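So that you can see what the record holds, here are the features copied from Swiss-Prot:
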type	residues	note
BINDING	His581, His585, Cys684, His688	Zn(2+) binding site
Amino acid sequence: MQTHEIRKRFLDHFVKAGHTEVPSASVILDDPNLLFVNAGMVQFVPFFLGQRTPPYATATSIQKCIRTPDIDEVGITTRHNTFFQMAGNFSFGDYFKRGAIELAWALLTNSVADGGYGLDPEKLWATVYLDDDEAAGLWREVAGLPADRIQRRGMADNYWSMGIPGPCGPSSEIYYDRGPDYGPEGGPVVNEDRYLEIWNLVFMQNERGEGTTKEDYEILGPLPRKNIDTGMGVERVALILQGVPNVYETDLLRPIIDLVAARAPRGYDQGNHADDVRYRIIADHSRTAAILIADGVSPGNDGRGYVLRRLLRRVIRSAKLLNIDTAIVGDLMATVRDAMGPSYPELASDSDRINRIAVAEETAFNRTLASGSRLFDEVAGATRSSGVSVVSGSDAFTLHDTYGFPIELTLEMASEAGLTVDEGGFRELMAQQRRRAKADAAARKHAHADLTAYRELVDAGPTEFTGFDELTSEARILGIFVDGKRVPVVAHGQAVDADRVELVLDRTPLYAESGGQIADVGTISGTGSGSSARAAVTDVQKIAKTLWLHRVNVESGEFVEGDGVVAAADAGWRKGATQGHSGTHMVHAALRQVLGPNAVQAGSLNRPGYLRFDFNWQGPLTEEQRGQIEEVTNQAVQADFAVHTFTEQLEKAKAMGAMALFGECYPDEVRVVEIGGPFSIELCGGTHVATSAQIGPVTILGESSIGSGVRRVEAYVGLDSFRHLAKERALMAGLASSLKVPSEEVPARVASLVERLKAAEKELERARLASVRAAAVNAAAGAERIGNVRLVAQRMSSEMTPADLRTLVGDIRGKLGSDPAVVALIAAPAGGESSTVPYVVAANQAAQGLGLGANELIKHLAAAVDGRGGGKADLAQGSGKKPAGIAAALEALRAEIARVG
């Protein structure tokens, strides 16, 4: 039975039983705590937790899942895969243990003619949690399993959770006995190769807390209702029904292995374990890579992008180790498409993009591999020569940091070479580099010589931010710092560098730079007896995420620790910043509406009148896409959507659909910004407008690449957008006036002028080349003879480029016949004594036979014009810095020819 048929039967079985079929979610979700979807129930978590009401009582799906913790084990055994399909049925307070067991047993054992899988009931076993007598009794009652085929296991095996806080519960697993060829008798507790787990029925009834292993977490209490979450391994059922020993022999992975075998000189399953591992790595990782790219992941250096990059690079290197020297990744992606396309149409519809991204990574990594492999061989040789078998952490770090060689690849190659790597030393050097980078960034940003100076204030409690409600606040000075050192008082004229003076207040309306929004500017003024004190706030930064540091320029009076002050944010600046920040949310929403949910935020910057938004995307946007994004954004602005901000528990906010940045750490309670209901909802601590119309027009300036798989959109907002459009309108009017055409005809007229200019430039180039050729004829005719050598040594016009000189010496040399001949040309610069002097020397074969090689003769030219040069015996070139020495250079050349020739 083919895999697509196994999938179809599963879904049909549960739909017939009243379940709603739900499509697979993407393997990436807007959850910063989850790298990839790793279970079928992930998209249903809000229903299990009672945070949202499910639109159906029961559901069924086949979820794409990715698990990469065991990536290094893939291929070594046939049990590990990074991608798998989890077929599941789910009940949200409807049926419980009996229903789950009855439905699973029926599908597994019903005949093929009746829509089942037709498995032999005598080969099926079940496990239950230690004290789950109810489940054990149901297996005996519903399935007729004898007691010796129902085994009890502890939390590590039969109590399920996602590995993070969330729903959990006891489980019951179904196993298939593959027979004595795969191991001894005794059931799953004895051998899980012979007894293969195919289905896990989770009785989801509790919520778990934090913990690092499968057994050390706390059960927080019962869920609002009892639920069912099951997961059947589609690939495992396929290997049973297809009668093959492992998943790599099934119809989804075997075609990839066959493709590789057709390209590799050594076949699969020929008794070479190392080669078989490489075949399996290619098969598994190619499939996972295609799925990831289809769901919007691009190769990168961290997070999901790094996992994809690592998968593709393991594929490429495994192919190299199989002696496949030609590009193969494109063919692999096509094979995955053909095998998986019937189940996942996006692999076919998005085939060109998937192929383009994967092949680009192959091309880039082949360059790294070529240079890095040579360097590793040198390191390995030096390691052995020193009498040790451990590649130093320093060498591994150099390979990684200087030459881009991944540590995982160094580890693999070292193992293959019989060496190990000081991975601890490598990690420490990486940590040191990160610490240096953070310290450098902090020094550049904060100019804090010693953060311990602020510790007392940090420990005393956070700064109260009042800026969401007011722009002016009364406050008290908690601390004054000059050049990072705490002082009791600071006065006008005491410090000339505004960035060296910092005031810490107990409360402030000035926004500290964070979340992409730059800091407010404003003033801090004294009160009472200190009313003459005034400081301009030029920047506000945070220390330890809780303490606001106001960088100031003291303009008058003095500030004393403990004094009362009035802090005020510049209203115009704040308005512009909020327009920019709200505009960023609008552009983000428009991007996802036009490009799809894979356009995930990677960074942003908002300042008055301007926004910059970085997002994960492969390849440039089309003009049509840019136009659509701009139009969707401005339509939302004109719709005058209400902007709501509120605080919510993190899990509830995510369940509402609030977007979070992957890799960002959030507190339990977060601030949510909602614009226009479902149009935009994000976790955000920034300041925002009250309604979307207050943003004003948004004009996208451009879109560009800022790294592999990351694009950047820049835009003007509000009045700056209007001013930009006004400038463009004036520019267009000026062009129309100069060209004497209506504005709408300017593009066509400019295009026409450009074509005419190109034609004129071509004509000029033809004339110049004709002049060069004529110069060659004239120069050859005027050749002088020194001994047996014919010599053309001339000073040429300043219009001659180095390329012209090379062409010319070749032409002249060809016209001088077979006698010994040398040509030396120097272009006289037009810019005076400070100009560069280019020169070229050519020598024919006969001259070289006399010892007059161009690479030697050029040294005599170079010395006289304070230059350098080099090349081969037939042609050499260089440049000097001393135009006054041109005549002497040519004479020096003549003297050398006279001496030798």
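Using N, Cα and C of the backbone, Cβ positions are placed for all residues, glycine too.
Shown on the structure are the features that Swiss-Prot records.
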| residue | record | Cβ within 10 Å |
| --- | --- | --- |
| His581 | Zn(2+) binding site | 27 |
| His585 | Zn(2+) binding site | 32 |
| Cys684 | Zn(2+) binding site | 25 |
| His688 | Zn(2+) binding site | 25 |
Which chain neighbours of the Zn(2+) site, leaving out His581, His585, Cys684, His688, have a Cβ atom within 8 Å of the mean position of the site's Cβ atoms? Gln517, Thr578, Ser582, Thr584, Asn606, Val643, Val673, Ile675, Glu682, Gly686, Thr687
